[in-house]
Amino acid sequence: MMMPRLVPRWPAWLFCWRAACIQGASVRQKMWAGPSKIPGLGGPRGAWGTSPLVPRGSCSASSRTPEVTLTPERYPVQRLPFSVVSEDDLAALERVVPGRVITDPEELEPPNVDWLRTVRGSSKVLLRPRTTQEVAHILRYCHERNLAVNPQGGNTGMVGGSTPVFDEIILSTALMNQVLSFHDVSGVLVCQAGCVLEALSQYVEERGFIMPLDLGAKGSCHIGGNVATNAGGLRVLRYGSLRGTVLGLEVVLADGTVLNCLTSLRKDNTGYDLKQLFIGSEGTLGVITAVSILCPPKPSTVNVAFLGCPGFAEVLQTFRTCRAMLGEILSAFEFMDAECMKLVRLHLGLSCPVQESPFYVLIETAGSGPGHDAEKLGCFLEQVLDSGLVTDGTLGSDERRIKMLWALRERITEALSRDGYVYKYDLSLPLDRLYDLVGDLRARLGPSAKHVVGYGHLGDGNLHLNVTSEAFSTSLLGALEPYVYEWTAGQRGSVSAEHGLGFKKKDVLGYSKPPEALQLMRQLKALLDPKGILNPYKMLPTHA
């Protein structure tokens, strides 16, 4: 028997399946109409009704540690021979961006510290340009004066790539936040690099489209930073990476040259595809100032299922069944272990809507036919329940319920940040070995680690491995590295699936790339930024 049709007369509905149901029971018998709110939550908004990412400055970091150690005091890094900003420099930059040269120490404190509060620079200057020409003038001046520049968007990165290491000038794109054009037939959006991802999502959704990427940090991250790090996120399974959806870029090179490759064409087979050099380059080759991106049509029907699985083998089999049965409507398949759910409950007060399980999966479908999607989803759920792959679950289709269920996955990073110091690893691994490292590390680290958790994007083989401790520990770091990277290399995996390398991971690039590739990367850097002023100390290994 198929699942009941999902029709508008069911406002804010939630369906649950219980493991106590007998084998062979129909899907209808395994469902019940959910309550208006999940136990453990407040009113209709409460902990669920807000954006998943807590704005900068309002997370619990201040209650954990009032001061973050300066990066050079924690890491063995030496300042390169760049010039120091002088009063004459400040006067010259003030003429370029009048009233937008920030030197106040209080205003400079947040952009000097990363969101995870693990690295801290000592920049004395932040610039806020509004236009590409202002960025060009800034970089031209800094190139002539040999002043290092740290491009910065929403500063939501995980690897220290968006914060200065020493006293680099911070070039913020926060005021470059205008939509330049949108074509409502092709779905091509052209915008400045400082547009916040969530604001762009709202803009295109009002016009019947969606952004091809979605991140837990969408309330703060900038599209320019997303492109500069080739951010993956929650929709890669359906829409692919930004290397496929970004059509064109406008980039300012280190010497102030404006490279305008801001095409809106889906097909352009003329010469080298230069935009690919800057996608994922983390601001080391040029400053992205504008983006042309292809937005897919907004689905008229979205469903989210949150399911409990008895083991990781069942998670993999559920994914295999999901791809086979849901096919063209499958848009996301996320997984998380029980430790993740415990931390979300402990630090954020969010209740798990299903019975406790060793693993949980979140599945999103998106399509244009409510009846068609409901029928396919019903068949899938009946299959995984009857086969024992899934022991319990809940399903939502209205916007509020969907946000509630997604918050359980999207706010894991926030929960981890409240648990102590976090050692974060963003790995690509073969699916059948995706979770093995988590159990391996629990045995290896023992009580020296507070928590070892694993979650991520199963659809594209991306594991987010996180280890927490009360405070930073060199002995714990020594037990983790290089062991994690050697283990990953042994599986022919990648040491960075989507977060990039930034400052904290730059020296492990060799675990994923051969020496010949590293040499070519250095040559490209020297060609486009001969003085090395753009985001120094990032991405490329310190030593050749």
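Cβ atoms here come from the backbone N, Cα and C positions, even for glycine.
Swiss-Prot names Arg409, Thr413, His499 as (R)-malate ligands; from the candidate set Lys403, Lys424, Lys506, the record adds Lys424 to that same site. Swiss-Prot lists His457, Glu498 as Zn(2+)-binding residues, and of the candidates His451, His464 the one it assigns to that same site is His464. Cβ neighbours of His464 (Zn(2+) binding site) (same chain, under 8 Å, six or more residues apart in sequence): Ile412, Lys424, Tyr425, Asp426, Gly454, Tyr455, Gly456. Model confidence over the domain 'FAD-binding PCMH-type' (119-298) stands at 97, taken as the mean pLDDT rounded to a whole number. Residues near Glu498 (Zn(2+) binding site) in space but far in sequence (CB under 8 A, at least 6 apart, same chain), listed by position: Thr229, Asn230, Ala231, Gly232, Gly233, Asp426, Asn462. Taking the centroid of the Cβ atoms of His457, His464, Glu498 as the Zn(2+) site, the other same-chain residues with Cβ within 8 Å of it are Gly232, Gly233, Asp426, Gly456, Asp460, Asn462, Leu463, Ala497, His499. A distance of 39 Å separates the Cα atom of His457 (Zn(2+) binding site) from that of Lys124 (N6-succinyllysine).
Look at the Cβ of each of the recorded positions Lys124, His499 and count the other Cβ atoms within 10 Å; the largest number goes with His499.
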